[in-house]
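Remarks on the structure that follows.
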Amino acid sequence: MKTTATSFVTGERVVVFVVVSRILLSLPLSLISHGFSLFLLSLSAFLVEIRVETSPFLLSHFSSRRGASSGILLGAVTLPSVMISKLVQLSRAISIHEAEQDELAHVTMQYWAASASCCAILIYLSVIMSQVRKDESLSSSSIWLTRVSLTGTVLYGVACFVSLSMISHTGLNTSLKMLWMLFHGLAAVKLIRHLLCTFPSCASIGEALLVTSGLVLYFGDFLACTIAKIFEKLIPVDLVSISYGIKRTETGIIVQGLLLGLLLFPMVFRFVLHIYESSLRKRDARQRNCSDAAKSVLFFVSLLFFMVVAVPSWMQFVHDFNQHPFLWVLTFVFSEPLKRLSLCIYWILLIVVSVSRFYNISRSSKVERILLRKYYHLMAVLMFLPALVLQPKFLDLAFGAALAVFVALEIIRIWRIQPLGEPLHQFMNAFTDHRDSEHLIVSHFSLLLGCALPIWMSSGFNDRALSPFAGILSLGIGDTMASMVGHKYGVLRWSKTGKKTVEGTAAGITSMMAVCFVLVPILASMGYILSQGWWSLLVAVTATGMLEAYTAQLDNAFIPLVFYSLLCL
């Protein structure tokens, strides 16, 4: 029995428990119902994770990433924790009249949407596991875990209904919001099944859960914004104003349009390719597929039309641009040409020199790949830290453009679109690690997103000056120093099977605190609001460092979000 109880307590779970407890203890009375729902979600995710890891054959038809734990608990609580921390921050803003109720209500809806996605996936996993009860190898305790986890997720749904009814004006309003949450849940279940089947062995269940909930939330916001524009006279005014009535910046609309447009493009191209091949078969029954050259031409023409005509049309529709969005981007860049063009030139030179240098090292040297990849983390610090201090609005747009380029290149690589597909595949393989696969290379995406998301989420009111730096500090400084020091000087390991060392973790935590000590007076001199205590910062940095030490999940994705959520408190 002791062995079983000990196996339930892992380093990653303890850190997640500390993070969730820190968030719950920071909640004002107005967010108690949200905190109760987060507690229920955490409990259900914990039980589902135990159930999966004690009987891994239950989800054997999902080919998750090898060598990683399921990560269900961490994956389920990360995005809701970020949203509830943002609610805590907005509650402080409203108390000093620095934010409006509409913004708080908008983030509240986003919290429940993200939570509903995670809750639905947990219910889906519980249902799958409960269907394997006929197997004689299942113990009574395993069945009990399944029942309790399913009960917890149902109670979570009840808490969601009660909370939404309290902030709604009418029963119809509550019903519409519950339907909206149900839509997010169903979409999340459908999407996670698609991701795990289409990209086998590319992600753990927890990583897939985080990606799924994030994509569903982003697409849901896109869809609601569009529907509100089309049916603003038909949809009740209170629903539109509460859910999606906040002011949207031009940069936010452009980034959202670019990224979602590129994510939707593969479906569009499949449809176009199907029509083209059908027309070929009508002309010649012996010709089944188009040639590679024709496919490449069709791909680039479709991509150009979709991104230059279709996507900007949506941007202009939802935001009323007075010119083409790409022309707006040029106007924005040249509004401060010396600063922004100089920054672009600096980035280009740094990228060219670094990539060519590291690529040659990877081919001719015996430098371990993990250390080589950490050099890119340092490069991210050199690129993004000065820009975030000096040109934060321009950096928002630059992150969106860089991610759009990465998504487009990954689509070309996966489909081997001539003439770039095969060279891209060979080049990318030089920088992959055990978390990448032939199907999908995620390292560059996760690093860029890990740095970008805290910056994007810090737009608007922000009384925690260090929160936009969460990704840069945790990945560029903390994770890099932990890996390099641990690799060269580490002796004491946190676990017998893991590679993370006590020395590396200590170096990561110390380096992050040191950079914070340097950043704080610089930000204060530039007029940033500084209201975070040093003890709170120490807790956030320490918890982040311990999560990096214990987690087997994709740290580039989880660590910045956890650090950001703790910094917002």
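The backbone N, Cα and C atoms fix where each Cβ goes, glycine too.
Note on the topological domain 'Cytoplasmic' (1-22): its mean pLDDT in the predicted model is 78. The topological domain 'Cytoplasmic' annotation in Swiss-Prot covers 1-22 (among others), and the record cites a curator's inference as its basis.
Per Swiss-Prot, topological domain 'Lumenal' is recorded for 44-67 (among others), and the stated evidence type is a curator's inference.
Per Swiss-Prot, the feature transmembrane segment maps to 68-88 (among others).
As annotated by Swiss-Prot, topological domain 'Cytoplasmic' applies to 89-108 (among others), with the evidence given as a curator's inference.
Look at Swiss-Prot and you will find 109-129 (among others) tagged as transmembrane segment. Among residues of the same chain six or more beyond the transmembrane segment (109-129), those with a C-beta under 8 A of the stretch's C-beta atoms are 34, 37-38, 41, 44-45, 48, 51-52, 55, 58-59, 72, 75-77, 79-80, 83-84, 86-87, 146, 149-150, 153-154, 156-157, 160, 163-164, 177, 180-182, 184-189, 192, 205, 209, 212-214, 216-217, 220-221, 242-244.
Marked as topological domain 'Lumenal' by Swiss-Prot on the basis of a curator's inference: 130-147 (among others).
The transmembrane segment feature in Swiss-Prot is assigned to 148-168 (among others).
Swiss-Prot lists 169-178 (among others) with the feature topological domain 'Cytoplasmic'.
Under the heading transmembrane segment, Swiss-Prot lists 179-199 (among others).
Within its own chain, the topological domain 'Lumenal' (200-207) has Cβ neighbours under 8 Å at 52, 59, 62-66, 68-76, 125, 436-437, 439-440, 442, 552-554, 557, counting only residues six or more beyond its boundaries. According to Swiss-Prot, the feature topological domain 'Lumenal' maps to 200-207 (among others).
For 208-228 (among others), the entry in Swiss-Prot reads transmembrane segment.
The feature topological domain 'Cytoplasmic' is assigned by Swiss-Prot to 229-252 (among others), with a curator's inference given as support.
The feature topological domain 'Lumenal' is assigned by Swiss-Prot to 274-296 (among others).
Sequence annotations record features per position, and here Swiss-Prot assigns N-linked glycosylation site to ASN289.
Marked as transmembrane segment by Swiss-Prot: 297-317 (among others).
Summarising the annotation, Swiss-Prot assigns topological domain 'Cytoplasmic' to 318-340 (among others). Residues 225-226, 229, 248, 250-251, 253-254, 257, 308, 312, 390-391, 394, 397 of the same chain lie 6 or more positions beyond the ends of the topological domain 'Cytoplasmic' (318-340) yet place their CB under 8 Å from a CB of it.
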Chain residues outside the transmembrane segment (394-414) and at least six past its termini with a C-beta under 8 angstroms from it:
251-252, 254-255, 258-259, 262-263, 265-266, 299, 303, 329, 332-333, 336, 339-340, 343, 347, 384, 387-388, 420-421, 424-425, 428, 439-441, 444-445, 448-449, 451-452, 455-456, 459
Within this structure, do the transmembrane segment (208-228) and the transmembrane segment (179-199) have 3 or more Cβ pairs under 8 angstroms, counting pairs 6 or more apart in sequence?
yes
Leading contact stretch, 68-88, 208-228, 341-361, 370-390, 441-461 vs the transmembrane segment (509-529) - CB distance under 8 Å:
370-390
